[in-house]
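> Here's a structure for you.
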Amino acid sequence: MRQATLTTFRDLGVTPEIADALETEGITTPFPIQEMALPLALSGQDLIGQARTGTGKTYAFGIAMLQSIGKPRKNRKKPRGLVVVPTRELATQVSEDLVTAAGKLGSRVLTVYGGRAYEPQVEALKAGVDVIVGTPGRLLDLVKQKHLDLSQITSLVLDEADRMLDLGFLPDIERIFKLIPEQRQTMLFSATMPGEIVALSRKYLNRPTHVRAEHDSGEGEATPQVRQLVWRVHRMDKIEILSRLLQAEGRGLTMVFCETKRACDMVSEQLDTRGFAVAAVHGDLGQGQREQALRAFRNGKIDVLVATDVAARGIDIDDVTHVVNYDAPTEDKTYVHRIGRTGRAGRTGIAVTFVEWEELTRWKMINQMLGLDFAEPEETYSTSPHVYSELSIPEGTKGVLPHANRSRAGLSAERLEDLGETGRSRTRGRRRDEREEREERPARTPRQRRRTRGGRLAEDAPVETPEVELVDDRSRRTDETPAIISADEVEAVAAEPRRRTRRAAAQPAADVTGTADTTESTESTDTARRRTRKAEADTGRREARETERREVRETERQVRETAPEVRETAREVREAEPVAERVPEPSFLSTPPPPVRTEPERIIPPNPFTVIFQSPDLATDDDDIAPSAATERKQQRRQPRGGGGGGGRRRAG
């Protein structure tokens, strides 16, 4: 049992300045982890505190750090207290709690993390601080740039150490340990204690005392004030069940956890469409947007916050009444961290977990490790009666929030601060109420150019050109009098229409009214020339074909006309010569037999050049015919060069 005398912070040895500051905020009774850890931490011992989220760990190490540092010094160039946290949101919350506790001490607390501009943080460091709260990455960056000196740190705290291990910050933590003095007080707080954290504590902590403020029956029962419900649902019905759950009686702030950033965007957009005041928090949003969503959630302007595990780790809001695991957790630690968002500071809460069919095997392993009683989740649909009865949902509730119940101001009512964010600003997941109103773009200045279409000026296109005097510069020029246009002359030369062929640089454009007729007449002349050349070429081809046909027809006609004369001459020759010496009638003069084929007969005119007949005056004996000159040349080439008579080099036979 708790001793009756140790009921206030003053009884635990806290200085009056810190105790008065806490009492001003209504904090008078310490939590179990504070009651066990404060006496050891105030004595200067190294400490390992194991407690779930929301049990008051921040004041357990914050009060001890502020009290060990004491009153602020005049020279604050080098801080004396350092708190390392895994996420930006947790850094902001820890800083707020430390500022509350140091309200009457005058200690300066600075928060540093990535995603914000360096300049404000560097200026604050130059002004002097007592305690720094930050993420490992930004702390090491400031040290590397020689803006931060950790050589006088006397108190070091690692908060959410298991989460820093999951995020891969263990090498950075070891580098930070090497930058601070060995003579220091080190306090390590975590919800779970994996082997790597135990090894880290043995390496860098000096005989630490392990304090564990958990229930004796197990980690799964560490949140007896949280009512846990596990349902087996269908993927397509999850958004309907969630929409009805958010209309339960007595529901306050609600956190919905998703496994991926894309799922966060989808769920938040669906809920926004159904009328709920909702915002999303995940890694793809800029730091300003994330802080805007968290402020709106704390202030009650929105009542639903959809987040991933990384973004929601360390969010400390006492008024959260419901937690919904839209996607089932992947491990037991994740489940403990999620449901730890509700039931804080002695309040009660409800945690609902959706388990899909393919996630059932994984959930049974988590259930067994935590010792829960949900090995076989109940099959649930949006119309199941136990959904309405267990969550006190009014009968007849649908998946859309009635307009009469939409009383929240929404995310757009919260101001988005300009944090001078570093890196690329991402806007994924922003809904229509988050988008900034864009100013109307001013009217464009008309372009000073001529618009053409197909080589012609567009008569309906508005063209604004300065008033100039039009000078007809189309007079014929010769080589003796070249055309020279001076830059000082304010004369406009009529521009020729644009061509597809290569041309020199265009001349200055003149007034459209003065050059339109010239351009049209030039174009019509060129078009007429092109058409004339084409017509002439076509006419020439046609005439050539007609000439060829006429020649063929004339040749055929001549053959037909000379055929009777040839027959008559042949008949006379046969009559004058003996019968044995008669020359037979050429075959082409005889009447051809009728065609055998069925196809239409093609009449081929006889070729007059193939008609060969012999005059009766010529000799019929081959020996009497004199050889032609060509035959004599061939015979001479065949004879040996050594001369006739077989002279030359011959082998004797």
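Yeah, the Cβs are placed from backbone N, Cα and C, and that goes for glycine too.
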> Given 7-35, 181-209, 268-296, 355-383, which one carries TrEMBL's motif 'Q motif' label?
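Motif 'Q motif', as annotated by TrEMBL, spans 7-35.
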> What parts of the chain pack near the domain 'DEAD-box RNA helicase Q' (7-35), using Cβ distances under 8 Å and only residues at least 6 beyond its ends?
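Distant Cβ neighbours of the domain 'DEAD-box RNA helicase Q' (7-35) are 42, 49, 51, 55-57, 59-60, 63, 66-67, 100-105, 211, 213.
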> Counting by DSSP secondary structure, give me helix, strand and coil numbers for the domain 'DEAD-box RNA helicase Q' (7-35).
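Going through the domain 'DEAD-box RNA helicase Q' (7-35) residue by residue, I get 13 helix, 0 strand, 16 coil.
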